[in-house]
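Participant: So Swiss-Prot has the following annotated:
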type: ACT_SITE; residues: 50; note: active site, nucleophile
type: BINDING; residues: 49, 50, 51, 52, 109, 114, 115, 116, 120; note: substrate binding site
type: BINDING; residues: 198, 199, 200, 201, 202, 203; note: NADP(+) binding site
type: SITE; residues: 99; note: site 'Important for activity'
C-alpha cells in the first residue's frame, strides 16, 4: 500500500485550467463514486478550492493507482492528456504527507498563512467520512493534518496579519485605484460605487474587508434575495442594497467596482453583456475571485473596463510575502516534525500482521491450557474462581507480549524492523495467513 496525492494548484496551472478541474458540491458525490469504484484505490478524499484540486489516496500499487487517478481527472475535466498532464503534480509517501501538512498549515497557499485552507482541509476529512471513502490510514493522516494546521497557527505567528483571497482582492482594488492616480499605494474605497455578486462565504469576507477599507455602502446581488438579505443583516453599520442577479445590468451601469464570487459553473459577465454599456470616462473595475471564473476572459481589453481574476492577486501577495518568510521557516520545522510522527506510525504498521499472528498463537495456547486446567479442577470450582483464573491467564499473555510488541512498533530503520520480524516469525513458527497477503 502507498499514499499518493495527484493534483494541481495555482503554482502549476493557470485559472483557465484550474476551473475545468474544480469539483462543485453538486458533483462531489459522483466524483467520490468514480474514485471509490477504482480497483487500485483503497481510500480516497478530495480537496477542491479556488486555487487547487488535490486527490489524496491510499493505493494498492503506486504506478497503477496514480494512473487511475489521472484517468479520472481526464474524464472529469474534459481535457486531453497533453493539455492536462503538464500541470499535474504527484507526490508519494513521505512527500505526499509533507505536502498535505504544508497545505493545511497555509505554507502552500497563494496567500502565505491564510486561514481558510484549514477549513477546507476539515471539509475534506468530513467528505471522506460522509462518503465512507477513507479508512484508518487516511483518516489518521487527514485528522493529523488538521491538528498540524491548528498548531502552525497557534505555535507560530504565521497566521498573524495574514491576508486571505478576499482581503487580497480588496487590496488589489485599492492598489489599482492608487495606480490610476499615479500613486503606488493602497487608496481608500470610500468614493467607489461598489457591488458584490454572490452571497456565500467568500462574499461575506469580501464585505468585511471592504468595510474595513472605507467602503460605507454597496450593492449585493444574489440568485436568491433571502440569502442576500440575510448576509446584509450581519453588517448593520453598512448601507447594503440587496437585489437579484436580474439587476446585474443596472448594477454594471452605475458601479465603479464589482467583485464576483458565485458558484456558477459558467461566466455571468462576458463581452457580449458589457458591449452594450458606454462607460465614457467612468472606468469599471471587475475583480473575480470565483473558480470556475464568473467573468469571461473575452472581457479583457474592452474599453471602459478592467478585469482581474484570482491569478492577478499575485501582485498584492508579493507585497506581503517577504516579511513572512522567516516565520514560514519556523512553521516548516513544525510541519516536518508532525510529518515524521505520522510516518513513524505508518511504518510501524508493517509489524501489525506479525504481531496479530503472534497474539493469535499465544491466545490459542492460553485457551487450550486454561481448558485443561479447568477440567482438572472439577465441578467444585466456582464460576467466580474460573473468571479469576481466566483473567490471570490473559494478564500473563499481555505481560509477555508487551515488551516485544512495543519494540517491534518503535521507530527504527525499515531494514532493522524487517530483521526483527523475521526473527520473531522464525522463533514462534508464525505462518503467513491469507489475510496478511
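Backbone N, Cα and C define each Cβ position, glycine as well.
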Participant: List only the single closest residue to residue 51 (substrate binding site), chosen from the binding-site residues 198, 200, 202 by CA-CA distance.
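Facilitator: Of all the candidates listed, 202 is nearest in space.
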Participant: If you count Cβ atoms within 10 Å of the Cβ of residue 198 (NADP(+) binding site), leaving out that atom itself, what do you get?
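Facilitator: Residue 198 (NADP(+) binding site): 27 neighbouring Cβ atoms within 10 Å.
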Participant: Which chain-mates of residue 202 (NADP(+) binding site) that are at least 6 residues away have a CB under 8 A from its CB, listed by sequence?
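Facilitator: Once residues fewer than 6 apart are set aside, residue 202 (NADP(+) binding site) is near 165, 166, 261, 289, 290.
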Participant: If you measure every Cα to Cα pair among 49, 50, 51, 52, 109, 114, 115, 116, 120, the residues listed for substrate, what is the largest value in Å?
Facilitator: 15
Participant: Checking the recorded positions 99, 198, 199, 200, which are within 10 Å of residue 120 (substrate binding site) at the Cα level?
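Facilitator: Taking 99, 198, 199, 200 one by one, none has a Cα falling within 10 Å of residue 120 (substrate binding site).
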Participant: Tell me the coarse DSSP state (helix, strand, coil) of residue 201 (NADP(+) binding site).
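Facilitator: The residue in question, residue 201 (NADP(+) binding site), is helix (DSSP, three-state).
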Participant: Only counting partners 6 or more residues apart, tell me which same-chain residues put their Cβ under 8 Å from the Cβ of residue 203 (NADP(+) binding site).
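Facilitator: Same-chain residues close to residue 203 (NADP(+) binding site) (Cβ under 8 Å, separated by 6 or more) are 196, 197, 220, 231, 259, 261.
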Participant: Among the binding-site residues listed here, 49, 51, 109, 120, whose Cβ has the fewest other Cβ atoms inside 10 Å?
Facilitator: 120
Participant: Can you give me the residues near the recorded NADP(+) site, meaning same chain, not 198, 199, 200, 201, 202, 203 themselves, Cβ no more than 8 Å from the center of the site's Cβ atoms?
Facilitator: 196, 204, 205, 206, 231, 261, 262
Participant: Rounded to the nearest Å, what's the C-alpha distance separating residue 109 (substrate binding site) and residue 199 (NADP(+) binding site)? Just drop the number here, would you?
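Facilitator: Cα to Cα, residue 109 (substrate binding site) and residue 199 (NADP(+) binding site) are separated by 24 Å.
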Participant: Identify, in sequence order, the residues in the chain of residue 199 (NADP(+) binding site) that are 6 or more apart from it along the sequence and have a CB within less than 8 Å of its CB; answer 'none' if there are none.
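Facilitator: When sequence neighbours closer than 6 are ignored, residue 199 (NADP(+) binding site) has 220, 222, 224, 227, 228, 230, 231 within Cβ distance under 8 Å.
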Participant: What is the interatomic distance between the Cα atoms of residue 198 (NADP(+) binding site) and residue 49 (substrate binding site), given in whole Å?
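Facilitator: About 17 Å separate the Cα atoms of these two residues.
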Participant: For the recorded substrate site formed by 49, 50, 51, 52, 109, 114, 115, 116, 120, name the remaining residues of the chain with Cβ within 8 Å of the site's Cβ center, in chain order.
Facilitator: 110, 111, 117, 165
Participant: Hey, how far is residue 115 (substrate binding site) from residue 50 (active site, nucleophile), Cα to Cα, in Å?
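Facilitator: Just about 14 Å between their Cα atoms.
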